[in-house]
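**Q** Mind having a look at this structure? Questions to follow.
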Amino acid sequence: MNPTLALTEDLIRRRSVTPADEGCQAVLETRLKALGFTCENIVSGPDDFRVTNLWAVKRGTQGTAGKLLAFAGHTDVVPTGPLDQWSSDPFEPSHRDGKLYGRGAADMKTSIAGFVVAVEEFVAKHPEHKGSIAFLITSDEEGPAHDGTVKVVEALKARGERLDYCVVGEPTSVDTLGDMVKNGRRGSLSGKLTVKGVQGHIAYPHLARNPIHLAAPALTTLVNEVWDAGNEYFPPTTWQMSNIHGGTGATNVIPGHVTIDFNFRFSTASTPDGLKSRVHAILDQHGLDYTLDWTLGGEPFLTPRGDLSEALGAAIAAETGVKTELSTTGGTSDGRFIAKICPQVIEFGPPNASIHKIDEHVEVRFVEPLKNVYRGVLERLIA
């Protein structure tokens, strides 16, 4: 078995459901120390949600004056869902029809294994490499992400650590390896809106104020609002409701309040403060008595075309013959934190059709090419 596949299987066997790491980072640390990496463990979070983070660095011959290329990834995985719906044990790697099955196979233990082995091969070939290499690994990406990458970034920023390039191993490919990479992500802004009314008997509406009826016109306005037109890199900002709850459960009672959960996925054409102001203005125009709590999940980030995108595109083309597409679609990732200390952040990994699903898998034919692309990026940027 090739080293990349062997390491991937070792990681899959570890039941690292957020925030558990289950020894994944210890495995990585052992291999990285053997290459001369200096490893730092950053543990964060409350006792009932302890998060393990690993920051590992190997300096090149140019020291801190040289370029630093980091790989960012997460060892945690989402829960399995119903075990009886899996074709095999999600934490026991299984090969069927040219695919490797297991939770985390696509998201993102294959990427982590691929970059580790790529670095091993790169260092063996270029022992005097000029630039530096780093790994930023967390066990809190699939969860609340309060004590994962963001904490490492804060620590690095506080001591003036500079990152020049960062490859995030998220599964970005669609139909075949390398057909899409992410050079940015939209921001996420959520709101919990509570519109107040007056509870009463449904047969006496004149003695009550129905908050659902009061909120409906404002919600229609919000649904139809054009928030921005997007730009060259991002689609227009979207506003979507995810939950509406009002009522006591009885069919003859007008509720006293209704609560609506909503979310913006926004581009660099809008700002969180600007979106908040516009929502409040619409609600105020409709004369609502309301409270509104906001949660900023992350601001958008964008890496324009540059050294990293060119190196990654060239490495993908050389290995697969595929001309990659730069995209900012999809959900948020830890790239939003890393972008605060790194000017060039790009995500690249295997196809994502099975992520978070029953029978998650990666096609075995993509495992070695993925590793080779990562090695190609290292060779193009820091050799």
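If you go along the chain as it appears here, the first residue is 1 and each next one adds 1.
Placed from the backbone N, Cα and C atoms, the Cβ positions cover glycine too.
Residues or ranges marked as active site by Swiss-Prot: Asp76. Here Swiss-Prot flags Glu141 as active site, proton acceptor, drawing on sequence analysis. Among the features that Swiss-Prot reports, Zn(2+) 1 binding site is placed at His74, Asp107, Glu170, with the record citing sequence analysis. As annotated by Swiss-Prot, Zn(2+) 2 binding site applies to Asp107, Glu142, His356, with the evidence given as sequence analysis.
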**Q** CB neighbours of Asp107 (Zn(2+) 1 binding site) within 10 A?
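**A** By my count, 26.
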**Q** At the level of the C-alpha atoms, what whole-angstrom distance separates Glu170 (Zn(2+) 1 binding site) and His356 (Zn(2+) 2 binding site)?
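**A** If we compare the Cα positions of Glu170 (Zn(2+) 1 binding site) and His356 (Zn(2+) 2 binding site), the gap is 13 Å.
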**Q** Mind giving me a neighbour count for the residue listed as 'active site'? Other Cβ atoms within 10 Å of its Cβ, every protein chain shown.
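**A** Taking all protein chains shown, the residue listed as 'active site' has 26 Cβ neighbours within 10 Å.
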**Q** What's the most sparsely packed of the binding-site residues His74, His356, counting other C-beta atoms within 10 A?
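**A** His356, out of the binding-site residues His74, His356, has the fewest neighbouring Cβ atoms within 10 Å.
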**Q** By a simple count, how many Cβ atoms lie within 10 Å of the Cβ of Glu170 (Zn(2+) 1 binding site), its own Cβ left out?
**A** 29
**Q** Cα of Asp107 (Zn(2+) 1 binding site) to Cα of Glu141 (active site, proton acceptor): how many Å, rounded?
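**A** Between the alpha carbons of Asp107 (Zn(2+) 1 binding site) and Glu141 (active site, proton acceptor) there are 11 Å.
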**Q** Secondary structure at Asp107 (Zn(2+) 1 binding site) (DSSP, helix/strand/coil)?
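**A** Its secondary structure by DSSP: helix.
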**Q** Taking only the Cα atoms, work out how far His356 (Zn(2+) 2 binding site) lies from the residue listed as 'active site', in Å, as a whole number.
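**A** Cα-Cα, rounded: 12 Å.
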**Q** Can you tell which of Glu141, Glu142 has the least company, meaning the fewest other C-beta atoms within 10 angstroms of its C-beta, among these recorded positions?
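**A** Across Glu141, Glu142, these recorded positions, the one with fewest Cβ atoms within 10 Å is Glu142.
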**Q** Note the Cβ centroid of Asp107, Glu142, His356, the recorded Zn(2+) 2 site, then list each other residue of that chain whose Cβ lies within 8 Å of it, in sequence.
**A** Val77, Val78, Gly104, Met108, Ile355
**Q** Using the Cβ centroid of His74, Asp107, Glu170 as the reference point for the Zn(2+) 1 site, which residues of the same chain not in that list have Cβ within 8 Å?
**A** Gly73, Met108, Ser111, Glu141, Glu142, Val168, Gly169, Pro171, Ser333, Gly349, Ile355
**Q** I'm trying to understand the geometry here, so how far is the Cα atom of Glu142 (Zn(2+) 2 binding site) from the Cα atom of His74 (Zn(2+) 1 binding site), in Å to the nearest whole number?
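**A** Rounded to a whole number, the Cα-Cα distance is 8 Å.
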**Q** Which state, by DSSP, holds His74 (Zn(2+) 1 binding site): helix, strand or coil?
**A** strand
